[in-house]
Amino acid sequence: MALPSEEVVAILAPIIVYWVAAGVYTVLGRVLADHRLHSREEEEVRNLVPKRVVVRTVLLQHVLQAAIAFAVFNVSAGVPHSSMLATQVAVQLNSSYYWTQVKREDRRAADAGTGAATPAVAVVCCQFMVAMVVLDAWQYGWHRLMHSSGLLYRHVHSWHHRLVAPYAYGAQYNHPLEGLILDTAGGALALAVTGMAPLTAAAFFSFATLKAVDDHSGVLVPGNPLHLLFRNNTAYHDVHHQVRGGRCNYAQLFFVAWDKLMGTYVPYEVVRAPHGGLEAVPLKKKLKT
């Protein structure tokens, strides 16, 4: 079954953003050497997997991700967006705006024969927030489970921790099963709960992908707006990669709330490192396991 162009954009945009952003951060890492958490030499010496294997594995995940996204969009094609949770919440928050704007747009779309309308701003904003919360909770829970279960860690999640000194295009270097559960299934759940239109989904998942690449980039770019908006940044995630067993700072993508609520939050400070760059130094704290 052929997909409309908007669905194709939603499938391909996050993949394109991944590689473009990874390329930009790789260049920034060379230009801003004093702002790196790990030197290029550290990446070569400390990491337990060659970069060519990382690239090959990420490309495989993107092929699987695209195939599953294609199937999800086909299955959900007949489900009206107005029946989804986030849309209903937005209606309750601003019903008069919704009915005067969205319904008007629905009528215009019907008159034009397109069968689809651009969602109201209130709906899109609510969908973004709900999707962020859903995806964050899903990934925190699974991420922590993969550290708590010796079986899952040894055979699945340990792949990702072969990158002791993370870098941008290794953000989605995972065992295929982990990529399927955390990223693909988590994304499908966020899409199902919110009922985002394809272009809204393209924007959201592209943003989430950019954030994941930034979190693994190992580059603290001065004035980075993502670091101003979110406390979960590349230094925060670097602490997770460097602490033995990684039993702290599990938070993925957006918020640190789950780490704080579950007692797995470890604060840190960024200091000058002996190699001339930067270093994220965890501050001691008793953790819940």
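Heads up, the Cβ atoms here are built off N, Cα and C, so glycines get one too.
What TrEMBL lists as domain 'Fatty acid hydroxylase' is 128-264.
Per TrEMBL, the feature transmembrane segment maps to 12-33 (among others). Counting same-chain residues at least six beyond the ends of the transmembrane segment (12-33), those with a Cβ under 8 angstroms from any Cβ of the stretch are 39-40, 58, 62, 65-66, 167-169, 171-172, 202-203, 205-206, 208-210, 213-214, 217-219, 221-222, 276-277.
According to TrEMBL, the transmembrane segment annotation covers 116-138 (among others).
For the domain 'Fatty acid hydroxylase' (128-264), DSSP puts the residue distribution at 98 helix, 1 strand, 38 coil. Across the residues of the domain 'Fatty acid hydroxylase' (128-264), the predicted structure has a mean pLDDT of 93.
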